[in-house]
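J.: Pasting a structure here, questions to come.
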Amino acid sequence: MIKEMAIANNADEVDNEVRAEKGRKCFYLKKMIGDYIGNTVRIVATVVLADFLQRLYRSVVEYVHCSKYYLPEDRLWTILRRSCTYSNKSRYLVMGFILIGFLRISVSGNYKDVVPTFKFLAYMPLYWIFSNLGHSTLTYSSWVRDSHGLDYAAGMASNYFHGYLKLSLPERKADGLLHRMNVYEDKYNVTFGIKRLIILIPDEMFINGVIQSRILEKATPLETQFINRAGVNRPFKHAVYRLAEKVNGKTYYFAMEGATPMLSFFEAMHSNFSATWQMKELKREIWLKFYTHLNELIKTWPETRNLVELIIYNSHDTKGDLVDVGEMLKSHMELKTKNIDEMIG
């Protein structure tokens, strides 16, 4: 009997030790999770404070040394507004950590668990030193691709559209692109393959003054259009090319030109006075963004959406040979006439 009681007591002691061990593990686990959450909130609070102080410092420097970029009456407000601009992602993250901080305080009952101590604040200079560590050429690439209208490519596309295409193409006083093309067809008894202005955008960005092709011949241009622009009666001209090889027994003409801003950018890249390594490194991003933004402007504006045909292409084929623009147009017309024949048939 006594032996059985001793065995039972030993079993109880073992059970108690097991429960105590589980309790200790559970306690340490909860403490570890609580400390992790508290330290995470402290680190985030330290980073936010360091960022705020950095923005404040830059605001002071901007106010003192860059006053010429602001109007006197709203200089302070504009600088503060710009310095306190945060992305939506940053705002949501900070709000999330603030919520986590309040939850931590509600559990522990001690606000000191989430307030940064001097040990954390002492690391703020590291943020100031390494805050630009994440910047790279990829950062510039992402910035160029964003839709803000401030990059080189979007600026070229906007100037090209608002200063040229939007002025010369729409119909105003019987001088729009379609009217001039119809007059041209009647006058010379020809047919345009595409009743739009074709704009070539090769990735090489270079286009000769006369578009080179084995099967393209330069013809008489469309009638010159004169438009008053900023006090100057500017002439607007559109070149016309004849496809030397017939498609289904018919000769086609095309109003066609290269994207002049791309040619200007090509020249800027190869000039010792204006070229930068960033321009050369990101030229493909600029080329694609120019096309994307210009296409968006053309499609958005009602007067131009059906008047322009953008052709973006690689200047060289897989063998390294120059792509023949005339061959591209011929293939396009062959496909177009084939589809029409199939519809009729």
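Note that Cβ sites are derived from N, Cα and C of the backbone, with glycine treated the same way.
These came from Swiss-Prot, pasted as-is:
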BINDING   N159, R234, K237, E257, T260, S264  3',2'-cGAMP binding site
CARBOHYD  N88  N-linked glycosylation site
CARBOHYD  N189  N-linked glycosylation site
CARBOHYD  N272  N-linked glycosylation site
TRANSMEM  90-107  transmembrane segment
TRANSMEM  122-144  transmembrane segment
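So where do these features actually land, and what's packed around them?
T.: DSSP classifies R234 (3',2'-cGAMP binding site) as strand under the three-state reduction.
DSSP classifies N88 (N-linked glycosylation site) as helix under the three-state reduction.
Cβ neighbours within 10 Å of N189 (N-linked glycosylation site), excluding its own Cβ and spanning all shown chains: 6.
Taking all protein chains in view, 5 other C-beta atoms sit within 10 angstroms of the C-beta of N272 (N-linked glycosylation site). In the three-state DSSP assignment, the secondary structure recorded for N272 (N-linked glycosylation site) is coil.
Remote same-chain partners of the transmembrane segment (90-107), defined as residues 6 or more beyond its termini with a Cβ less than 8 Å from a stretch Cβ, comprise 34, 37-38, 40-41, 44-45, 48, 113-114.
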J.: What is the biggest Cα to Cα gap, in Å, among N159, R234, K237, E257, T260, S264, the residues listed as binding 3',2'-cGAMP?
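T.: Roughly 20 Å, rounded to the nearest whole number.
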J.: Near the Cβ of E257 (3',2'-cGAMP binding site), how many other Cβ atoms are there if near means within 10 Å?
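T.: Looking across every protein chain shown, the total is 18.
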J.: Within its own chain, what residues at least 6 apart in sequence put their Cβ under 8 Å from the Cβ of R234 (3',2'-cGAMP binding site), listed in sequence order?
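T.: Set apart from R234 (3',2'-cGAMP binding site) by at least 6 residues yet with Cβ under 8 Å, we have F226, I227, N228.
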